[in-house]
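**Student:** Have a look at the structure that comes next, please.
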Ligand code: PHE
Ligand code: NA
């Protein structure tokens with residue numbers, strides 16, 4: 001049958017969670033918000049909000065064993081068919097995948113740059129990256145095409161032979177590479193400085209923006225709000241302890257983010273570079289540092305970008321699976337037809353995203369001061385994902401039989417754990433998301 005084994009599920013969910021969010025985004029936002037204090041806030045956001053919603057999505061999926069639309073309807077108390085509209089969230093996955101694939105394409109290009117072409121100075125590094133993004137449309141389309149075809153090829157094979165197998169191979173390799181990079185970072189003089197930066201709290205850098213960034217990152221990093229976790233846990237047997245599995249996945253994701261942060265800041269500080277380098281951190285700051293380390297630097301650089309590819313590919317397949325499952329089950333499409341249709345959509349949107357950053361087409365693809373790439377990121381991360389998480393929490397808190405949830409929980413844990421989770425999902429999570437939205441529109 002086309003379903004996950006328990007270990008297959010844990011690897012696939014961890015593979016989905018661990019992605020560019022951990023190795024690229026987490027370090028650069030931690031750098032921008034000054035380190036330790038942000039890390040603490042992030043950990044609290046993961047514990048009280050991210051994990052709570054992760055368990056919520058797992059419960060919905062595992063309980064109904066179906067695509068996102070059907071899952072909402074069958075889990076609801078009233079069985080009201082209108083709950084099918086909650087499946088709007090699966091389309092966020094397609095949008096995220098379009099620009100995620102473009103970024104993965106850059107990373108693939110950087111694997112080749114790492115072999116023999118590392119930049120010798122910060123100016124060259126900045127030029128290399130800016131050139132790629134604003135002028136080199138051909139390269140970007142080429143690498144985006146390779147990434148897209150890989151994703152399509154894997155999901156065509158389905159859950160067991162495609163997604164589970166991919167994670168079974170790539171996740172251990174990723175762990176080995178990260179371990180190696182960590183050991184190398186450990187030998188550097190700056191290792192202790194990096195630890196101090198990551199874990200010593202300087203509260204002066206923290207403002208409401210930092211809180212909201214931590215909340216947004218908690219959703220993104222745990223793959224919440226696009227139906228991935230619902231869809232993956234729908235392919236998991238009902239006897240598996242979903243609470244334990246959820247905690248394990250959240251823990252793995254958090255550990256990888258922290259380790260990636262420690263590694264990257266040790267590298268940066270070793271070269272005397274700044275911690276607040278923004279999104280260009282891994283594409284501009286790191287390559288120069290690697291170049292200074294000679295041949296060893298090439299080895300480290302290749303390992304680093306290959307790790308990013310492995311982490312990113314396992315996340316990418318998890319972004320498209322919810323929308324495939326939706327079309328396969330609700331519209332009785334074959335997997336092949338659904339994959340070709342959805343694959344073409346994200347592939348074309350990806351090309352729009354990359355063209356919108358080019359100097360030749362950027363102006364035509366910029367609307368209200370944001371180019372198409374930034375719009376796709378903004379609409380998904382700042383609107384669709386938090387909205388989906390809000391609907392999920394309101395759904396479980398107010399439209400699902402409490403007895404059903406209690407029964408599932410107490411099968412695996414005790415009543416106290418259930419009560420804590422239930423109050424978090426019913427009151428705390430929706431409130432936190434409302435505050436997030438009010439802040440975005442400038443009310444608070
Ligand atoms: N969690 C992934 C990361 O950290 C991104 C992702 C978001 C994957 C949503 C699937 C769904 O990179
Ligand atoms: Na993540």
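Positions of Cβ are set from backbone N, Cα and C atoms, glycine also.
Nobody curates TrEMBL annotations by hand; they come from automatic prediction.
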**Student:** Identify the transmembrane segment range according to TrEMBL, selecting from 112-133, 420-441.
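**Tutor:** When 112-133, 420-441 are checked in TrEMBL, transmembrane segment belongs to 420-441.
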**Student:** Which range wins on Cβ pairs under 8 Å with the transmembrane segment (247-269): 35-56, 85-108, 137-156, 300-328, 340-358?
**Tutor:** 35-56
**Student:** Top stretch among 35-56, 137-156, 168-191, 378-400, 420-441 for CB pairs under 8 A with the transmembrane segment (340-358)?
**Tutor:** 137-156
**Student:** Counting only pairs at least 6 apart in sequence, do the transmembrane segment (300-328) and the transmembrane segment (35-56) share 3+ Cβ pairs under 8 Å?
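**Tutor:** They are not in contact.
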**Student:** Return the stretch with the most CB pairs under 8 A relative to the transmembrane segment (211-235), choosing among 35-56, 85-108, 378-400, 420-441.
**Tutor:** 35-56
**Student:** Which listed range (85-108, 137-156, 168-191, 378-400) shows the maximal number of Cβ pairs under 8 Å with respect to the transmembrane segment (35-56)?
**Tutor:** 378-400
